[in-house]
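Presented below is the structure to which this report refers.
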Amino acid sequence: MTASSSLFSCSMHMEVLTPKISKWPKNFVSCHSKISYVETNYLKSTCYPISRFFCINNLKKTRQRDGIHCFSEGQKFQLDDVVEAQQFDRDILNAIFEVARDMEKIERNSPESQILKGYLMATLFYEPSTRTRLSFESAMRRLGGEVLTTENAREFSSAAKGETLEDTIRTVEGYSDLIVLRHFESGAARRAATIAGIPIVNAGDGPGQHPSQALLDVYTIEREIGKLDGIKVGLVGDLANGRTVRSLTYLLAKYKDVKIYFVSPEVVKMKDDIKDYLTSKGVDWEESSDLVEVASECDVVYQTRIQKERFGERLDLYEKARGKFIVNQNILNAMQRHAVIMHPLPRLDEITVDVDADPRAAYFRQAKYGLYIRMALLKLLLVGW
(Lines of atoms letter the chains of each structure in order from A and count residues from 1; the text may use other names and numbers.)
(Lines give C-alpha, C1' and ligand atoms only; values in the text may rest on other atoms or scores of the structure.)
Protein backbone atom coordinates (compact mmCIF):
# COMPACT_ATOMS: atom_id res chain seq x y z
CA MET A 1 0.00 0.00 0.00
CA THR A 2 1.39 3.39 -0.94
CA ALA A 3 0.11 6.88 -0.15
CA SER A 4 1.42 10.05 -1.76
CA SER A 5 0.79 13.78 -1.93
CA SER A 6 2.46 16.88 -3.30
CA LEU A 7 4.48 16.99 -0.10
CA PHE A 8 5.23 13.38 0.63
CA SER A 9 6.23 10.16 -0.97
CA CYS A 10 5.07 7.53 1.51
CA SER A 11 6.16 3.93 1.40
CA MET A 12 4.54 1.36 3.63
CA HIS A 13 7.48 -1.02 3.38
CA MET A 14 9.00 -1.69 6.81
CA GLU A 15 6.15 0.36 8.32
CA VAL A 16 8.06 3.59 7.65
CA LEU A 17 6.81 6.82 6.12
CA THR A 18 9.58 8.68 4.35
CA PRO A 19 8.95 12.40 3.85
CA LYS A 20 10.06 13.84 0.53
CA ILE A 21 10.43 17.14 2.38
CA SER A 22 11.42 16.67 5.99
CA LYS A 23 10.01 19.90 7.42
CA TRP A 24 6.86 19.37 9.51
CA PRO A 25 4.61 21.92 11.21
CA LYS A 26 5.07 20.24 14.56
CA ASN A 27 7.61 17.88 16.01
CA PHE A 28 6.80 14.24 15.55
CA VAL A 29 6.67 11.87 18.51
CA SER A 30 6.48 8.19 17.71
CA CYS A 31 5.56 5.34 20.02
CA HIS A 32 4.44 1.76 19.51
CA SER A 33 0.74 2.49 19.84
CA LYS A 34 0.18 5.92 18.33
CA ILE A 35 1.68 8.91 16.61
CA SER A 36 1.15 12.37 18.06
CA TYR A 37 2.29 15.95 17.63
CA VAL A 38 3.93 18.14 20.24
CA GLU A 39 4.66 21.84 19.98
CA THR A 40 8.00 23.33 20.97
CA ASN A 41 8.58 26.88 22.13
CA TYR A 42 10.43 27.58 18.91
CA LEU A 43 7.71 26.25 16.64
CA LYS A 44 4.76 27.91 18.38
CA SER A 45 5.67 31.26 16.86
CA THR A 46 6.00 29.86 13.36
CA CYS A 47 3.14 30.09 10.85
CA TYR A 48 2.74 27.30 8.32
CA PRO A 49 0.43 26.95 5.32
CA ILE A 50 -2.85 25.29 6.31
CA SER A 51 -2.63 23.00 3.29
CA ARG A 52 0.60 21.45 4.60
CA PHE A 53 -0.90 20.77 8.00
CA PHE A 54 -4.08 19.36 6.45
CA CYS A 55 -2.06 16.97 4.32
CA ILE A 56 0.08 15.77 7.20
CA ASN A 57 -2.80 15.53 9.65
CA ASN A 58 -4.88 13.46 7.22
CA LEU A 59 -1.95 11.14 6.56
CA LYS A 60 -1.60 10.69 10.29
CA LYS A 61 -5.28 9.90 10.76
CA THR A 62 -5.25 7.46 7.84
CA ARG A 63 -2.28 5.55 9.17
CA GLN A 64 -3.66 5.41 12.71
CA ARG A 65 -6.99 4.13 11.40
CA ASP A 66 -5.20 1.40 9.48
CA GLY A 67 -3.21 0.50 12.59
CA ILE A 68 0.07 1.17 10.82
CA HIS A 69 2.96 3.06 12.40
CA CYS A 70 4.44 5.54 9.93
CA PHE A 71 7.71 6.21 11.75
CA SER A 72 9.98 3.83 13.53
CA GLU A 73 10.80 5.21 16.97
CA GLY A 74 13.37 8.00 16.88
CA GLN A 75 13.57 8.26 13.09
CA LYS A 76 12.24 11.81 12.75
CA PHE A 77 14.73 14.49 13.81
CA GLN A 78 13.24 16.68 16.53
CA LEU A 79 13.95 19.97 14.73
CA ASP A 80 12.64 21.25 11.42
CA ASP A 81 15.21 24.05 11.16
CA VAL A 82 18.46 25.00 12.87
CA VAL A 83 18.02 28.68 13.68
CA GLU A 84 19.32 29.29 17.20
CA ALA A 85 21.23 27.48 19.92
CA GLN A 86 18.31 27.56 22.35
CA GLN A 87 16.60 24.88 20.25
CA PHE A 88 18.94 22.17 21.54
CA ASP A 89 18.80 20.29 24.82
CA ARG A 90 21.45 17.96 26.19
CA ASP A 91 19.82 14.82 24.84
CA ILE A 92 19.71 16.22 21.31
CA LEU A 93 23.29 17.47 21.61
CA ASN A 94 24.55 14.08 22.77
CA ALA A 95 22.70 12.35 19.95
CA ILE A 96 24.05 14.76 17.32
CA PHE A 97 27.57 14.19 18.61
CA GLU A 98 27.08 10.42 18.28
CA VAL A 99 26.04 10.89 14.65
CA ALA A 100 29.04 13.18 14.09
CA ARG A 101 31.36 10.48 15.41
CA ASP A 102 29.78 8.08 12.93
CA MET A 103 30.40 10.62 10.17
CA GLU A 104 34.11 10.61 11.01
CA LYS A 105 34.23 6.90 10.19
CA ILE A 106 32.55 7.03 6.78
CA GLU A 107 34.82 5.81 4.00
CA ARG A 108 34.83 7.11 0.45
CA ASN A 109 32.50 5.26 -1.94
CA SER A 110 30.92 3.29 0.89
CA PRO A 111 27.12 2.91 1.04
CA GLU A 112 27.09 5.34 3.97
CA SER A 113 28.72 7.99 1.77
CA GLN A 114 25.62 8.01 -0.46
CA ILE A 115 22.86 8.51 2.12
CA LEU A 116 21.98 11.96 0.70
CA LYS A 117 22.10 10.94 -2.94
CA GLY A 118 19.25 12.64 -4.77
CA TYR A 119 19.07 15.56 -2.33
CA LEU A 120 20.04 19.11 -3.25
CA MET A 121 21.28 21.76 -0.81
CA ALA A 122 21.31 25.49 -1.61
CA THR A 123 23.86 27.73 0.11
CA LEU A 124 22.59 31.30 0.13
CA PHE A 125 25.27 33.59 1.56
CA TYR A 126 24.75 37.36 1.82
CA GLU A 127 28.00 37.77 3.78
CA PRO A 128 31.50 36.42 3.06
CA SER A 129 32.41 32.95 4.27
CA THR A 130 35.16 30.42 3.73
CA ARG A 131 34.88 27.65 6.34
CA THR A 132 31.12 27.64 6.89
CA ARG A 133 30.13 27.62 3.23
CA LEU A 134 32.82 25.19 2.10
CA SER A 135 32.31 22.83 5.03
CA PHE A 136 28.55 22.64 4.41
CA GLU A 137 29.17 22.04 0.70
CA SER A 138 31.84 19.44 1.48
CA ALA A 139 29.52 17.78 4.00
CA MET A 140 26.72 17.52 1.45
CA ARG A 141 28.95 16.10 -1.26
CA ARG A 142 30.66 13.65 1.09
CA LEU A 143 27.22 12.16 1.75
CA GLY A 144 26.33 11.89 -1.93
CA GLY A 145 24.22 15.05 -2.21
CA GLU A 146 24.50 17.95 -4.61
CA VAL A 147 24.90 21.69 -4.09
CA LEU A 148 23.56 24.93 -5.53
CA THR A 149 25.70 27.80 -4.32
CA THR A 150 25.86 31.57 -4.35
CA GLU A 151 28.94 33.08 -2.74
CA ASN A 152 27.83 36.71 -2.45
CA ALA A 153 24.05 36.83 -2.70
CA ARG A 154 23.95 40.42 -1.51
CA GLU A 155 25.74 41.56 -4.66
CA PHE A 156 25.28 38.76 -7.20
CA SER A 157 21.63 37.82 -6.74
CA SER A 158 18.31 39.56 -7.22
CA ALA A 159 18.79 41.07 -3.77
CA ALA A 160 20.88 43.66 -5.59
CA LYS A 161 17.70 44.53 -7.52
CA GLY A 162 15.70 44.91 -4.33
CA GLU A 163 14.20 41.44 -3.98
CA THR A 164 13.13 40.65 -0.43
CA LEU A 165 14.62 37.78 1.54
CA GLU A 166 11.19 36.18 1.74
CA ASP A 167 10.77 36.14 -2.04
CA THR A 168 14.26 34.74 -2.50
CA ILE A 169 13.60 31.94 -0.02
CA ARG A 170 10.28 31.03 -1.64
CA THR A 171 12.03 30.84 -5.00
CA VAL A 172 15.12 28.90 -3.91
CA GLU A 173 13.10 26.34 -1.95
CA GLY A 174 11.58 25.30 -5.26
CA TYR A 175 15.04 24.29 -6.47
CA SER A 176 16.38 22.53 -3.38
CA ASP A 177 15.65 20.32 -0.38
CA LEU A 178 17.44 22.43 2.25
CA ILE A 179 18.80 25.98 2.44
CA VAL A 180 21.90 27.06 4.36
CA LEU A 181 21.52 30.81 4.89
CA ARG A 182 23.98 33.47 5.97
CA HIS A 183 22.61 36.99 6.21
CA PHE A 184 23.75 40.38 7.45
CA GLU A 185 20.59 41.00 9.51
CA SER A 186 19.96 39.49 12.92
CA GLY A 187 16.77 37.42 12.82
CA ALA A 188 16.95 36.75 9.08
CA ALA A 189 17.15 32.98 9.55
CA ARG A 190 14.01 32.98 11.68
CA ARG A 191 12.20 34.99 9.00
CA ALA A 192 13.31 32.47 6.40
CA ALA A 193 12.26 29.49 8.52
CA THR A 194 8.83 31.01 9.07
CA ILE A 195 7.93 30.97 5.39
CA ALA A 196 10.04 28.11 4.02
CA GLY A 197 8.63 24.65 3.38
CA ILE A 198 12.06 23.02 3.60
CA PRO A 199 14.69 23.06 6.38
CA ILE A 200 16.60 26.29 6.96
CA VAL A 201 20.04 26.21 8.60
CA ASN A 202 21.29 29.47 10.06
CA ALA A 203 24.91 29.92 8.97
CA GLY A 204 25.13 33.27 10.74
CA ASP A 205 22.67 36.16 10.87
CA GLY A 206 24.56 39.40 11.41
CA PRO A 207 25.45 39.81 15.09
CA GLY A 208 22.69 37.34 16.02
CA GLN A 209 23.64 33.66 16.17
CA HIS A 210 25.63 30.93 14.46
CA PRO A 211 24.22 27.67 15.86
CA SER A 212 26.14 25.18 13.72
CA GLN A 213 29.38 26.86 14.82
CA ALA A 214 28.32 26.51 18.44
CA LEU A 215 27.57 22.82 17.88
CA LEU A 216 31.02 22.20 16.44
CA ASP A 217 32.59 24.26 19.23
CA VAL A 218 30.96 22.17 21.95
CA TYR A 219 31.82 19.00 20.02
CA THR A 220 35.43 20.17 19.83
CA ILE A 221 35.55 20.81 23.57
CA GLU A 222 34.20 17.34 24.27
CA ARG A 223 36.71 15.74 21.91
CA GLU A 224 39.67 17.78 23.15
CA ILE A 225 38.97 18.07 26.89
CA GLY A 226 36.97 14.89 27.31
CA LYS A 227 34.08 16.43 29.22
CA LEU A 228 31.60 19.31 29.18
CA ASP A 229 30.35 19.40 32.76
CA GLY A 230 32.57 21.32 35.14
CA ILE A 231 34.65 23.13 32.54
CA LYS A 232 35.90 26.72 32.61
CA VAL A 233 35.82 28.67 29.35
CA GLY A 234 37.32 32.07 28.62
CA LEU A 235 35.59 33.96 25.80
CA VAL A 236 37.95 36.60 24.44
CA GLY A 237 37.74 39.43 21.91
CA ASP A 238 34.68 40.91 20.22
CA LEU A 239 31.91 39.65 22.45
CA ALA A 240 29.39 42.32 21.46
CA ASN A 241 29.37 41.54 17.74
CA GLY A 242 30.51 37.92 17.73
CA ARG A 243 27.55 35.66 16.92
CA THR A 244 29.67 32.57 17.62
CA VAL A 245 30.22 33.45 21.28
CA ARG A 246 26.52 34.19 21.76
CA SER A 247 25.47 30.79 20.42
CA LEU A 248 28.26 29.02 22.29
CA THR A 249 27.19 30.63 25.56
CA TYR A 250 23.64 29.35 25.12
CA LEU A 251 24.92 25.79 24.65
CA LEU A 252 27.45 25.91 27.50
CA ALA A 253 24.62 26.92 29.84
CA LYS A 254 23.11 23.46 29.36
CA TYR A 255 25.99 21.78 31.19
CA LYS A 256 26.62 21.49 34.93
CA ASP A 257 29.09 23.53 36.96
CA VAL A 258 30.34 25.51 33.98
CA LYS A 259 32.10 28.84 34.54
CA ILE A 260 32.45 31.41 31.77
CA TYR A 261 34.90 34.30 31.74
CA PHE A 262 34.35 37.31 29.47
CA VAL A 263 37.55 39.09 28.43
CA SER A 264 37.10 41.95 25.98
CA PRO A 265 37.78 45.62 25.30
CA GLU A 266 35.18 47.89 26.90
CA VAL A 267 33.64 48.85 23.56
CA VAL A 268 32.81 45.24 22.63
CA LYS A 269 31.76 43.76 25.97
CA MET A 270 29.30 40.88 26.11
CA LYS A 271 25.75 42.19 25.91
CA ASP A 272 23.52 42.17 28.96
CA ASP A 273 20.97 39.76 27.48
CA ILE A 274 23.54 36.96 27.48
CA LYS A 275 24.71 37.74 31.01
CA ASP A 276 21.11 37.85 32.20
CA TYR A 277 20.43 34.52 30.50
CA LEU A 278 23.39 32.88 32.25
CA THR A 279 22.29 34.27 35.58
CA SER A 280 18.76 32.95 35.04
CA LYS A 281 20.21 29.49 34.37
CA GLY A 282 22.46 29.58 37.43
CA VAL A 283 25.66 29.65 35.37
CA ASP A 284 28.67 31.26 37.02
CA TRP A 285 30.22 34.04 34.92
CA GLU A 286 32.79 36.75 35.44
CA GLU A 287 34.14 39.70 33.48
CA SER A 288 37.89 40.26 33.54
CA SER A 289 40.56 42.39 31.90
CA ASP A 290 43.40 40.03 32.85
CA LEU A 291 43.80 37.47 30.07
CA VAL A 292 46.84 35.85 31.68
CA GLU A 293 44.96 35.10 34.88
CA VAL A 294 41.89 33.84 33.02
CA ALA A 295 44.02 31.63 30.77
CA SER A 296 45.61 30.04 33.83
CA GLU A 297 42.16 29.05 35.14
CA CYS A 298 40.49 27.85 31.97
CA ASP A 299 40.16 24.56 30.14
CA VAL A 300 39.35 26.49 26.97
CA VAL A 301 40.53 29.89 25.78
CA TYR A 302 38.14 30.84 22.98
CA GLN A 303 39.63 33.75 21.05
CA THR A 304 37.74 35.83 18.46
CA ARG A 305 38.66 38.64 16.09
CA ILE A 306 37.48 42.22 16.46
CA GLN A 307 34.89 42.54 13.70
CA LYS A 308 35.76 45.65 11.72
CA GLU A 309 32.69 45.30 9.49
CA ARG A 310 30.37 45.90 12.48
CA PHE A 311 31.85 49.31 13.35
CA GLY A 312 30.58 51.21 10.31
CA GLU A 313 32.21 54.63 10.19
CA ARG A 314 33.50 54.42 13.79
CA LEU A 315 36.88 53.02 12.82
CA ASP A 316 38.39 54.90 15.75
CA LEU A 317 36.56 52.51 18.07
CA TYR A 318 37.76 49.54 16.04
CA GLU A 319 41.39 50.63 16.30
CA LYS A 320 40.93 51.17 20.02
CA ALA A 321 39.65 47.62 20.50
CA ARG A 322 41.97 45.80 18.11
CA GLY A 323 45.12 44.26 19.54
CA LYS A 324 44.15 44.65 23.19
CA PHE A 325 44.02 40.93 23.99
CA ILE A 326 46.48 38.73 22.08
CA VAL A 327 47.06 35.01 22.57
CA ASN A 328 50.82 34.53 22.35
CA GLN A 329 53.59 32.63 24.09
CA ASN A 330 52.93 34.47 27.34
CA ILE A 331 49.37 33.16 27.34
CA LEU A 332 50.55 29.65 26.45
CA ASN A 333 52.96 29.74 29.38
CA ALA A 334 50.08 30.59 31.71
CA MET A 335 47.75 27.89 30.40
CA GLN A 336 47.35 24.43 31.88
CA ARG A 337 48.84 21.52 29.96
CA HIS A 338 45.46 19.96 29.15
CA ALA A 339 43.83 23.23 28.07
CA VAL A 340 43.18 24.23 24.46
CA ILE A 341 42.96 27.40 22.40
CA MET A 342 39.97 27.67 20.06
CA HIS A 343 39.00 30.23 17.45
CA PRO A 344 36.05 30.26 15.01
CA LEU A 345 38.35 31.76 12.34
CA PRO A 346 39.27 33.76 10.35
CA ARG A 347 42.22 34.89 12.43
CA LEU A 348 43.85 38.29 12.07
CA ASP A 349 46.51 39.12 14.65
CA GLU A 350 44.71 38.05 17.84
CA ILE A 351 46.61 34.73 17.91
CA THR A 352 50.27 34.94 16.94
CA VAL A 353 51.41 32.48 14.29
CA ASP A 354 54.02 30.87 16.56
CA VAL A 355 51.17 29.53 18.72
CA ASP A 356 50.13 27.21 15.88
CA ALA A 357 52.90 24.73 16.63
CA ASP A 358 51.73 24.15 20.20
CA PRO A 359 49.53 21.03 20.54
CA ARG A 360 47.09 23.10 22.60
CA ALA A 361 46.26 25.14 19.50
CA ALA A 362 43.03 23.38 18.52
CA TYR A 363 41.51 25.83 16.02
CA PHE A 364 42.39 23.93 12.85
CA ARG A 365 41.20 20.66 14.41
CA GLN A 366 38.08 22.60 15.40
CA ALA A 367 37.45 23.50 11.76
CA LYS A 368 37.78 19.82 10.79
CA TYR A 369 35.32 18.76 13.49
CA GLY A 370 32.91 21.24 11.91
CA LEU A 371 32.74 19.12 8.78
CA TYR A 372 31.47 16.12 10.76
CA ILE A 373 28.94 18.16 12.73
CA ARG A 374 27.54 19.60 9.51
CA MET A 375 27.42 16.17 7.90
CA ALA A 376 25.41 15.03 10.92
CA LEU A 377 23.03 18.00 10.70
CA LEU A 378 22.36 17.51 7.01
CA LYS A 379 21.75 13.82 7.48
CA LEU A 380 19.37 14.40 10.39
CA LEU A 381 17.42 17.22 8.77
CA LEU A 382 16.98 15.43 5.45
CA VAL A 383 16.60 11.73 6.31
CA GLY A 384 16.31 11.59 10.10
CA TRP A 385 18.11 9.46 12.66
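Backbone N, Cα and C define each Cβ position, glycine as well.
For R305 (UMP binding site), the same-chain residues lying six or more positions away in sequence with a CB closer than 8 A to its CB are G237, D238, P346, R347, L348, E350. In the three-state DSSP reading, R305 (UMP binding site) counts as coil. The feature UMP binding site is assigned by Swiss-Prot to R131, T132, R182, H210, R243, R305.
As annotated by Swiss-Prot, carbamoyl phosphate binding site applies to R131, T132, R182, H210, Q213, L345, P346. Taking a C-beta cut-off of under 8 angstroms and a sequence separation of 6 or more, R182 (UMP binding site) has the following same-chain neighbours: L124, F125, Y126, E127, S129, T132, R133, A203, G204, D205. In the three-state DSSP assignment, the secondary structure recorded for R182 (UMP binding site) is strand.
Here Swiss-Prot flags K161, R243, R305 as L-aspartate binding site.
Look at Swiss-Prot and you will find 1-30 tagged as transit peptide.
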Can you give me the Cα-Cα distance between R131 (UMP binding site) and L345 (carbamoyl phosphate binding site) in Å, rounded to a whole number? 8
When each of the binding-site residues R131, T132, H210, P346 is scored by other CB atoms within 10 A, the minimum falls on P346
Return the residues near Q213 (carbamoyl phosphate binding site), defined as same-chain residues 6+ apart in sequence whose C-beta is under 8 angstroms from its C-beta, sorted by sequence, else 'none'. T132, G204, R243, T244, S247, L248, P344, G370
